[in-house]
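Colleague: Sharing the record's features from TrEMBL:
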type: BINDING; residues: CYS87, GLU108, ALA109, GLY116, VAL181, ASP217, HIS232, MET284, ARG294, MET295, GLY296; note: substrate binding site
type: MOD_RES; residues: CYS215; note: 2,3-didehydroalanine (Cys)
Amino acid sequence: MAPPAAIFEQATSVDSVPLKSGFDVKSFPINGTRSKTLEELAEKWDQGFKFAPIRESQVSRAMTRRYFNDLDSYAESDIVIVGAGSCGLSTAYMLGKARPDLKIAIIEASVSPGGGAWLGGQLFSAMVMRKPADAFLTDLGVPFEDEGDFVVVKHAALFTSTLLSKVLSFPNIKLFNATAVEDLITRSNGDGTLRIAGVVTNWTLVTMHHDDQSCMDPNTINAPIVISTTGHDGPFGAFCVKRLVSMQQIEKLGGMRGLDMNTAEDAIVKRTREIVPGLIVGGMELSEVDGANRMGPTFGAMALSGVKAAEEALKVFDERKAQNAF
Ligand code: 48N
């Protein structure tokens, strides 16, 4: 019997509640009633201020019930994105907007998602994006200074935190951070080639200690499409393409070339693609496949590679889903 199609319940709408200060914010909780406003709390800390009572087990259950519901729900995902850096998050943003019906899991090895996009180059704050990547910033609602052929976001963290918050607000997207993809689920095409049908996961701290502990077996997520954006550096950089080489699905890595902004960014965006059936690669991981140049501290290609990766995924989604029905 085919596994259940990946479906999910539409979240209840978030009511917007006008604050006394006059601007309208989306308030939580999504259900139930709100307690007090900040204005009602201000300056009254010694007049009976007290948090509502709680028992520790309520906190434990509030976390674990949700986490294990998510693990159960996303065990069958429609799309898995490996790596929540600027490319992976841009991909998720585009997919979240385009396909609220799809269930999308993001697997991020670090506790803190965002990859290399919290700072510009050499730990400087500002983030540069060359036009036309300003189109992505405008769509996202991130302010920037226009310098003619390029734009500058005053702090890279403004871009990454805005993108991350938008991605996390989609009800059909789940971020599993502190979780590593440590292998790929494969299916034979019957001709000696393989297609990718999901990912193999483990807690990142466990993944890092397979050499000093035995038999810490992983978990799995089935998905007809995996989009890998694991970057080119760091402890897990270019993970999925390195795994394709070790399982002999691609002959060897092309090896990232030297820095050339004008060459690198066009190549990364234009060649974001499905490398083997079921696996799309974007961002700087792609430079390791194709031997593309690196671009250094300019991030427009990461955003637009994410836009393209989302397009490429939706082009083949129905076909891959049918192929991987079981
Ligand atoms: O930010 P990165 O490393 O990767 P991209 O491709 O999103 O952005 C690259 C960009 O930051 C640059 O490198 C800039 C443009 N510089 C270029 C240059 O020339 O130097 O994000 C990758 C993410 C990280 O957060 C990793 O923790 C994560 O992927 N990751 C994984 N997550 C889960 N499982 C794995 N196996 C894994 N491997 C990496």
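Keep in mind that glycine also has a Cβ here, set from the backbone N, Cα and C atoms.
Describe the structural context of each listed feature in the structure shown, including burial, neighbouring residues and relevant distances.
Modeller: DSSP assigns CYS87 (substrate binding site) to a helix.
Just so you know, the Cβ of CYS215 (2,3-didehydroalanine (Cys)) picks up 5 other Cβ atoms within 10 Å once every protein chain is counted.
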Colleague: Does DSSP give VAL181 (substrate binding site) helix, strand or coil?
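Modeller: In the DSSP reduction, VAL181 (substrate binding site) maps to strand.
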Colleague: For the recorded positions VAL181, CYS215, ARG294, GLY296, which sit with their CB under 6 angstroms from an atom of ligand 1?
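Modeller: Those recorded positions that pass the cut-off, since their Cβ is under 6 Å from ligand 1, are VAL181, ARG294, GLY296.
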Colleague: Per DSSP, to which secondary structure element type does HIS232 (substrate binding site) belong, with helix, strand and coil as the options?
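Modeller: Going by the DSSP assignment, HIS232 (substrate binding site) belongs to neither helix nor strand, so it counts as coil.
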Colleague: So which of the binding-site residues is most packed in, judged by how many other Cβ atoms lie within 10 Å of its Cβ, out of CYS87, ALA109, VAL181?
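Modeller: Checking each of CYS87, ALA109, VAL181, the winner is CYS87.
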